[in-house]
Amino acid sequence: MDTPTPNITNEALTVRGKERYRSGVLEYRKMGYWEPDYEPKITDVISLFRITPQDGVDPVEAAAAVAGESSTATWTVVWTDRLTACEKYRAKAYRVDPVPNAPGQYFAYIAYDLALFEPGSIANLTASIIGNVFGFKPLKALRLEDMRLPVAYVKTFDGPATGIVVERERLDKFGRPLLGATVKPKLGLSGRNYGRVVYEALKGGLDFTKDDENINSQPFMHWRDRFLYCMEAVNKAQAATGEVKGTYLNVTAGTMEDMYERASFAHELGSSIIMIDLVIGYTAIQSMSKWARKHDMILHLHRAGHGTYTRHKTHGVSFRVISKWMRLAGVDHIHAGTVVGKLEGDPLTTRGFYDILREDYNETRYEHGIFFDQDWAGTRKVMPVASGGIHAGQMHQLLHHLGEDVVLQFGGGTIGHPQGIAAGAMANRVALEAMILARNEGRDYLAEGPQILNDAARHCLPLRQALDTWGEVTFNYASTDTPDFVPTAMPAY
């Protein structure tokens with residue numbers, strides 16, 4: 001019996017009950033990348049994009065194009081699609097909402113089958129989600145606002161080796177934020193003078209000091225000298241205070257071999273923590289996380305470079321997404337904003353970053369910029385770090401906005417103290433202890449904060465001097481990244 005000839009039309013060819021398009025260029029929505037009735041599976045990776053189509057480009061077609069270009073599509077129909085389970089592997093845009101008060105911008109929800117991604121690889125995930133699609137001409141701008149990572153995918157990553165609870169147990173410090181300071185000036189000090197700064201700050205009351213993002217191994221100070229002098233300072237400060245202390249030794253370098261060498265030397269010297277920069281890349285971050293886990297060390301990540309793609313509201317990647325990726329990658333610390341400091345940080349948006357890093361389960365909170373429930377499936381928590389333009393006079397605000405599971409990094413607010421580094425450290429420690437005591441007594445420490453600090457300063461001259469020096473310093477600039485969200489009653493396309 002002859003096989004019936006398939007019904008051929010000008011637009012499509014039917015083969016075994018499936019629709020296959022002729023060669024040529026078709027709209028993405030007609031190629032299967034727009035499915036408004038699609039119900040995401042529990043195992044799907046879901047991305048929320050803010051899309052700004054070019055003039056005349058339909059937002060649904062733009063969303064379908066993003067789905068296609070971030071998964072299986074190219075600019076024309078290819079017959080080799082039929083050699084794959086293309087219906088499974090195509091990403092599916094299933095919802096498009098206008099962004100409130102932002103004409104021409106839309107939130108596009110896109111689901112990806114889990115089989116599209118290599119287990120345990122941030123590099124592979126990002127090659128699709130933020131790959132070529134970000135240069136796509138039909139879009140004026142594209143921003144990845146949030147992601148829902150399924151448990152089946154989360155469990156392919158180790159996550160932080162230490163996490164908040166274990167770090168506190170190692171330090172034997174509970175019930176308050178940890179205190180730190182970045183050594184200043186960040187560049188130019190000799191190894192010996194650098195070590196003196198570390199000792200004075202730790203002896204004065206801080207828990208940590210740290211290298212800044214761009215101190216590696218320059219002509220004025222070789223990395224090995226810095227490590228030696230810093231660890232000598234840590235050991236002396238521990239002996240003088242009876243407390244566990246630490247300093248973040250930046251092992252960032254030009255090659256993985258150099259980073260491993262520096263990390264190994266820090267481990268030999270007895271350091272409990274090493275530091276890397278975000279700019280080393282996702283694969284290098286995961287590699288250093290694996291090394292830190294093997295050697296039982298805390299891994300601190302400085303988010304150097306993030307502002308190049310997280311700060312612009314319509315194009316790039318939100319830092320809430322970077323926070324999720326870094327929790328998967330396995331860092332123990334990450335800089336996550338201060339709210340009141342000198343760096344970009346809308347209060348509600350910043351709280352959303354902290355929620356992602358510190359909660360076992362993130363519930364949808366549109367006001368914090370969190371668009372999806374996220375189950376971390378037992379992945380350890382990341383300790384957020386607040387740094388950049390903060391000082392003792394803001395202690396009540398910092399505690400209110402950021403909570404107690406955070407490292408407060410007072411760089412200039414320690415080293416710039418008029419009576420010296422140790423006095424600056426003491427001022428910060430006394431301010432923190434006074435605020436924690438007020439909180440534990442049930443006082444409204446946010447409203448009473450200035451009075452609490454002034455009362456404590458009556459018995460602590462360094463705190464009095466800190467308040468007199470910086471008490472009126474603020475950085476009140478409008479944030480460029482605020483949590484736009486779609487009310488549940490707003491109709492979708």
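From the backbone N, Cα and C atoms, a Cβ is placed for every residue, glycine too.
Model, not experiment: these values are computed from the prediction.
These come from Swiss-Prot:
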- LYS184: active site, proton acceptor (ACT_SITE)
- HIS302: active site, proton acceptor (ACT_SITE)
- ASN132, THR182, LYS186, ARG303, HIS335, SER387: substrate binding site (BINDING)
- LYS210, ASP212, GLU213: Mg(2+) binding site (BINDING)
- LYS210: N6-carboxylysine (MOD_RES)
- LYS342: site 'Transition state stabilizer' (SITE)
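Positions of the features from Swiss-Prot, shown on the structure.
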residue: ASN132; record: substrate binding site; CB count, 10 Å: 11
residue: THR182; record: substrate binding site; CB count, 10 Å: 24
residue: LYS184; record: active site, proton acceptor; CB count, 10 Å: 16
residue: LYS186; record: substrate binding site; CB count, 10 Å: 13
residue: ASP212; record: Mg(2+) binding site; CB count, 10 Å: 19
residue: GLU213; record: Mg(2+) binding site; CB count, 10 Å: 20
residue: HIS302; record: active site, proton acceptor; CB count, 10 Å: 26
residue: ARG303; record: substrate binding site; CB count, 10 Å: 22
residue: HIS335; record: substrate binding site; CB count, 10 Å: 23
residue: SER387; record: substrate binding site; CB count, 10 Å: 25
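Proximity to GLU213 (Mg(2+) binding site), judged by a C-alpha distance within 10 Å, picks out LYS186, HIS302, ARG303 from the recorded positions ASN132, LYS186, HIS302, ARG303, HIS335, SER387. Each residue contributes its Cα atom, and for LYS186 (substrate binding site) and ASP212 (Mg(2+) binding site) those atoms are 6 Å apart.
According to DSSP, THR182 (substrate binding site) is assigned to a strand segment. The recorded positions near HIS335 (substrate binding site), taking a 10 angstroms Cα-Cα threshold over the set LYS184, LYS210, HIS302, are HIS302.
Nearest neighbour of ASN132 (substrate binding site) by Cα distance, taken over the recorded positions LYS184, LYS210, ASP212, HIS302: HIS302.
The DSSP secondary structure for ASN132 (substrate binding site) is helix. The two recorded residues, SER387 (substrate binding site) and HIS302 (active site, proton acceptor), show a Cα separation of 10 Å.
LYS210 (Mg(2+) binding site) falls within a strand segment according to DSSP. Annotated Mg(2+) site LYS210, ASP212, GLU213; additional same-chain residues within 8 Å of its Cβ mean position, judged by their own Cβ, are THR182, VAL183, LYS186, ASP211, ASN214, ILE215, TYR248, ASN250, MET275, HIS302, ALA304.
If you take the CA of THR182 (substrate binding site) and look 10 A around it, the recorded positions you hit from LYS210, ASP212, HIS302 are LYS210, ASP212. The Cβ neighbour count for LYS210 (Mg(2+) binding site), using a 10 Å radius and every protein chain shown, is 28. HIS335 (substrate binding site) falls within a strand when secondary structure is assigned with DSSP.
For HIS302 (active site, proton acceptor), the nearest of the recorded positions LYS184, LYS210, ASP212 in terms of C-alpha separation is ASP212. Mapped onto three states, the DSSP output places SER387 (substrate binding site) in strand.
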